[in-house]
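Comments concern the structure below.
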Amino acid sequence: MAEVFDLELRDTPNEEEDISDEEFYTPEDTIKKRDGACGNDELEEGMETLELSENTVNPGCRRVGPEDFELLNVLGKGGYGKVFQVRKITGPDMREIFAMKVLKKATIARNAKDTAHTRAERNILECVKHPFIVDLIYAFQTGGKLYLILEYLPGGELFMQLEREGIFMEDTACFYLAEITLAIEHLHSQGIVYRDLKPENILLDLQGHVKLTDFGLCKESIDEGALTHTFCGTIEYMAPEILTRTGHGKAVDWWSLGALMYDMLTGAPPFTGENRKKTIDKILKAKLSLPPYLTNDARGLIKKLLKKNPKDRLGGGPEDAKAIKHHSFFRHVDWKELIQRGVEPPFKPSVTNYEDVSQFDSKFTKQTPVDSPDDTVLSESANKVFLGFTYVAPSVLDELNKPWISEREPRSPRKVGSSFRARDRFIPAVEGFAVANGAEVFEAMDTSTSGLPKRPRSPAIATNYRSPHVRMN
């Protein structure tokens with residue numbers, strides 16, 4: 001997987017020359033203005049002048065920023081920033097609805113781990129494309145903030161649906177768990193451990209299919225057998241090996257899948273206590289208790305996913321997701337049809353239109369959407385860690401690169417022999433795009449949250465954690 005950023009954090013500024021947000025890419029074959037070029041004094045009768053600007057020279061090639069979006073609603077809020085529902089008001093995708101995750105640079109830059117997690121999320125969103133993983137459309141930055149423009153998913157969080165239903169029937173849970181398993185399987189195939197699977201990080205699209213979101217706690221470059229030691233996640237869904245800090249790998253995601261399955265079928269995570277310490281003690285020491293109404297298939301899968309020893313856990317071996325997909329609980333799942341989104345979801349979000357936010361927490365949607373100005377000025381060295389965050393999805397890039405025809409006044413008739421091609425001329429160097437992996441990349445930057453849960457549970461945490469994690473979205 002191609003990395004947009006060098007994740008090594010240095011105490012001293014990197015001396016390697018970078019292209020800043022204020023600079024632009026100039027192709028080598030750009031023809032500079034040379035002596036003898038046509039000037040205004042040499043215009044012949046019948047010729048007209050045309051000011052060269054981004055509006056007249058390839059007007060599609062322009063940078064996207066906060067001013068290109070209209071704030072509609074607040075979808076979520078956290079310690080790092082906010083998530084808005086927005087409408088694009090410029091360009092070929094004008095009037096489309098997106099989710100905009102806004103992060104404060106100053107808050108992130110205080111901690112090297114937070115900076116690394118933010119960069120990793122941005123990298124993963126660009127490189128990982130899957131039917132059940134949220135799409136990144138744009139990423140950009142201003143002096144004090146980072147912006148991620150994601151596809152808007154009107155179905156809201158699976159958490160909210162679970163809150164309304166209380167518990168899911170087994171066939172309903174089976175559908176959601178199967179789609180989530182495919183998403184996790186794909187991440188693992190790319191060497192990525194998710195580490196924060198929970199109902200709040202699973203969104204539903206307009207048809208009711210799942211979309212995994214919020215990749216701030218992911219770990220990249222984890223191959224078979226490799227371990228990492230970061231203490232992160234959401235307590236109720238964290239595997240024992242994360243809590244004991246003995247090293248963990250991909251198997252932690254299958255523990256979280258088991259905890260999520262238990263939550264769906266019983267109404268709460270499998271191990272909860274009066275406080276964080278007691279919850280951790282139960283995860284490490286308590287015996288799993290299952291309600292009698294669960295089928296043998298459901299009971300069997302939960303038990304195998306919630307094995308405290310990752311080596312004994314289903315999916316913890318080389319087969320990874322294949323071992324889980326072969327379990328009898330999923331015996332009726334057509335995996336080929338499922339990956340094509342051909343299986344009808346058990347629940348279709350009740351929304352009147354694409355701007356509807358009724359499936360999100362009203363605690364946030366009732367707030368007035370305001371992207372407050374941030375006058376924080378970071379040092380040049382601090383800002384360097386955010387270089388390369390800007391991104392435009394290939395699908396949007398194709399539209400941007402289509403020639404646009406500007407409306408202007410009718411041109412005066414051209415005289416014979418006055419063709420501009422017959423004269424010395426220059427082609428101005430216009431602001432363009434640096435391209436990486438087929439996508440537009442600028443110099444600049446999560447989401448998914450919706451809200452604080454109504455059921456008691458811990459926020460997502462990372463090393464040196466200071467504030468709740470922001471999610472879409």
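Quick reminder: no glycine exception, Cβ is built from N, Cα and C everywhere.
Per TrEMBL, the feature region 'Disordered' maps to 1-23.
The annotation domain 'Protein kinase' is assigned in TrEMBL to 69-330.
Secondary structure from DSSP puts Leu75 (ATP binding site) in a beta strand. The ATP binding site feature in TrEMBL is assigned to Leu75, Gly76, Lys77, Gly78, Gly79, Tyr80, Gly81, Lys82, Val83, Lys101.
If you look up TrEMBL, you'll see Asp196 marked as active site, proton acceptor. DSSP gives Asp196 (active site, proton acceptor) a coil state; it is part of no helix or strand.
The domain 'AGC-kinase C-terminal' annotation in TrEMBL covers 331-401.
Comparing Cβ neighbour counts within 10 Å across the recorded positions Lys77, Gly81, Val83, Asp196, the minimum falls on Lys77.
Counted with DSSP, the domain 'AGC-kinase C-terminal' (331-401) comes out as 21 helix, 2 strand, 48 coil. Cα of Val83 (ATP binding site) to Cα of Asp196 (active site, proton acceptor): a distance of 18 Å. Taking only the Cα positions, the spacing between Asp196 (active site, proton acceptor) and Lys77 (ATP binding site) is 18 angstrom.
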